[in-house]
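Reviewing the structure listed below.
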Amino acid sequence: MKMRVETALAILLVLISIQQCYGGVSNYTCTCFSSGNRSDILESNCSTSCNCRPDRDQWVCLCPANGFPVIAIGGSNSSCFTSCNCSAGATKSSKKQYLSRKLVIVILLFCGVLISLAFLASMICYICRKDKFSGQTPSVSSDRESSWHSSANLINRKSSVSQSKISISSSVAGCFFQNASLFCVSKPETIHGAIFQFSYTELEQATNKFSSNSVIGHGGSSCVYRGQLKDGKTAAIKRLNTPKGDDTDTLFSTEVELLSRLHHYHVVPLIGYCSEFHGKHAERLLVFEYMSYGSLRDCLDGELGEKMTWNIRISVALGAARGLEYLHEAAAPRILHRDVKSTNILLDENWHAKITDLGMAKCLSSDGLQSGSSSPTTGLQGTFGYFAPEYAIAGCASQMSDVFSFGVVLLELITGRKPIQKPSNNKGEESLVIWAVPRLQDSKRVIEELPDPRLNGKFAEEEMQIMAYLAKECLLLDPESRPTMREVVQILSTITPDTSSRRRNFPINYLFQSNEKKKESKVGWSRGGSKSGQEEETVDLTEPRFESFCLPNVKPVLLEPSAHI
């Protein structure tokens, strides 16, 4: 913008200078006569303001409007002209000079018009792009697939947002009319801080022309490639399928807008995006950082599962809980994930957990329900095995639906089992929730039947009981009885290795007491406890936290015989 203004000012100054030069050109031709023959006297005395030259018996002078040849008074002075006949205009040579200068002016004016048109076109493209990526209420397509393969989620973030700057090659700016709409393709730029707009050519080169050897995952609505960016960083490039519909551009732009607003250590960041026509098809891609260990489900099923100690599993659960807590309570706007599962929890080489795949996310209103919808969802979106009962039956999603899904993830961390898998007799499929709920009611069965065999019994029984209890609370049928993600984080913080000295603050006898007494004391640790915690300290939800969950007002309750079912 600054360069365009400077160019316009320079052109204006040149035109003013030319006008001044043109104003100084001789515009009178005088034919003068003299009585003397000494040309040197005439030139020095009478033609100082004009350009005079002898022509046979007369003189031809080219004079400006404010200076004419000197004429002798009464015609008696032989040292000056006796008479002159002046007329407006120029000689043939001066006319040629005037025409050449006029041509220069026309050329400069033509260039100025071209620059103005280019500036106007760039402004139209800028307005088009600004309207396209302006703040909108995020919406989700009803026909979008629930998820993509777990290996498609290999996304990583090793640095902060301020370090996520990438060198992008420039491309030719232009606007194209296609499908009766103005689609602008401009020079790659940054939006929302460190979110970059990549060119399709650059991402094509990064993935070796989207080679099948670069594919790291498939899904119903996308394919994910591993790519090498120009700065040497490895990225996960999610290439979206081209759905049919008039709202495709809106859905994509709102998804980019939503992802660009999220900045938290436990949420996978977006590096950039690409949206442009390539041939007859619109290409839409999202670029994330690469996660070296893949998804939680991949680790539990693969060789890395042998290395997942109990302490690592607690840390993973706490990190994922903090990511969801940020989405529910600190993001602007607050976000409902709607597809919480182990394949959407990614791990880096240090076992740090991050939440990903917000393709089905919804913004939340002040009451915790998804905004823009006052009626149940017409079609279920998500993954079987993680659906909350109220969502599967009535189609009503809320923060507590995410809490239920997170409870299933906790069961996966405890047992190592998949949410839905074939039983040993190979008859049908068995739900992890249905299998685990009866065992969660008995502290003895929790220790003997729930733990993953890969743990080889290497875990603290008290921590296992707390984790199992938390999973059971998240899986309660009544959404209002489930803990919030803030409360989940507080409970997990009591057993994380970094707060081992605070484990005794949680009353272990509370876990398996009778339902009536549990309801009475639930206020003490859940609603009231978190409330007092908010009054005592201010919590920064934008960064990882290691606060403790203290229960000074809750007295331990002795285990009663009726507690076991």
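Any Cβ shown, glycine's included, is placed from N, Cα and C.
Looking up ASN27, ASN179 in Swiss-Prot shows the N-linked glycosylation site annotation sitting on ASN27.
The most densely surrounded of the recorded positions ASN85, SER222, judged by C-beta neighbours within 10 angstroms, is SER222. VAL224 (ATP binding site): 26 other CB atoms within 10 A of its CB, across all protein chains.
Taking only the Cα positions, the spacing between ASN85 (N-linked glycosylation site) and VAL224 (ATP binding site) is 89 angstrom. Summarised as a single figure, the pLDDT of the topological domain 'Extracellular' (24-103) averages 70. Around the Cβ of ILE216 (ATP binding site), 20 further Cβ atoms fall within 10 Å across all displayed protein chains. Taking CA atoms as the reference points, ILE216 (ATP binding site) and TYR391 (phosphotyrosine) are 31 Å apart.
DSSP assigns VAL224 (ATP binding site) to a strand segment in the three-state reduction. A gap of 26 Å separates the Cα atoms of HIS218 (ATP binding site) and TYR391 (phosphotyrosine).
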